[in-house]
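Database features (TrEMBL):
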DOMAIN    75-287  domain 'ABC-2 type transporter transmembrane'
TRANSMEM  93-114  transmembrane segment
TRANSMEM  126-145  transmembrane segment
TRANSMEM  166-196  transmembrane segment
TRANSMEM  208-228  transmembrane segment
TRANSMEM  235-256  transmembrane segment
DOMAIN    346-386  domain 'CDR ABC transporter'
TRANSMEM  365-385  transmembrane segment
């Protein structure tokens with residue numbers, strides 16, 4: 001038989017060599033030639049080795065009912081997790097895109113609130129710095145939903161073929177996101193924490209807590225987006241529903257509207273069921289508790305006092321007896337002695353007006369983790385309920 005040339009179609013060559021087709025003819029008895037070939041001997045040895053190896057490695061169970069899947073749940077979970085890691089690694093627009101997104105958000109927000117000082121108005125700036133940081137969580141929510149919905153369609157095909165069960169897929173698609181979330185949160189932290197000047201009033205424990213609770217919150221956001229995507233039947237429905245839920249999350253977090261100003265109906269249950277509220281309380285009290293407020297001239301409330309009181313302290317002594325927040329100091333207004341009042345003395349006085357306490361910092365971390373666990377359960381439940389494809 002002549003050899004196949006590089007310019008020749010292999011399929012046509014095979015037909016010609018084997019004598020197939022209408023006009024094909026061959027003098028070679030191909031079944032006998034195959035039986036005498038070294039290739040058949042090599043394949044036979046390999047099959048025998050695999051059979052012997054499998055007999056020692058796997059035990060055949062003849063007792064008990066037949067299993068739906070050939071491997072255990074743990075083995076399925078391990079292999080599905082490895083497979084999803086490979087898929088994530090081969091999708092740089094998704095993985096590295098989130099890293100670039102985190103860096104850009106961190107730099108833009110950090111330089112927007114560049115080098116925050118300790119005046120009373122800077123207390124508002126510190127809170128809005130944190131509130132703007134929530135934008136990264138929102139962006140991650142919108143990023144993860146299409147990924148889960150597309151992977152769920154592949155899962156339905158594999159589940160119908162009995163490759164793996166619904167539980168390994170649900171757990172793996174949550175866990176596979178965790179390393180990328182930690183890296184994204186860390187990138188944002190390094191790009192914004194020092195540029196905003198928060199390191200000047202934070203010790204090592206406060207710095208670690210800021211990073212830790214922020215990463216935990218991003219984990220919650222990603223799992224929340226996955227839970228919403230698991231509930232929805234398609235991406236259009238998920239993209240329609242998620243903005244409404246985000247409005248509730250951030251509108252009732254205690255920043256846009258102080259808790260005391262939230263309508264009673266919403267304050268009674270939505271405010272206390274809002275994970276963003278616990279994140280904001282934990283991280284805001286963390287960065288404000290060691291801040292000593294020194295009001296700038298623009299933030300001072302300056303007023304004159306009757307000369308009969310001689311000093312500003314004498315004039316404001318009755319006011320200070322009530323224990324108000326802030327402090328009073330002597331100043332000059334239009335060349336005359338005056339009093340200047342700063343509404344806050346330290347950061348603790350500021351966040352206490354919101355009903356928040358530094359004692360709840362680690363409790364808030366635990367609550368956010370509980371919300372994360374709830375989201376995982378929602379993903380598992382709705383992956384199970386939608387495991388079979390619709391006809």
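Each residue's number is its place along the chain shown, starting with 1.
Every residue, even glycine, has its Cβ placed from backbone N, Cα and C.
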Study note, to complete from the structure: Residues outside the transmembrane segment (365-385) whose C-beta sits under 8 Å from one of its C-beta atoms, at least 6 past its ends, are 148, 152, 155, 166-167, 169-171, 173-174, 212-213, 216-217, 219-220, 223-224, 226-227, 230-231, 275, 278-279, 282
Exercise for review: Summarise the domain 'CDR ABC transporter' (346-386) by DSSP state, stating how many residues are helix, strand and coil.
Suggested key: 34 helix, 1 strand, 6 coil
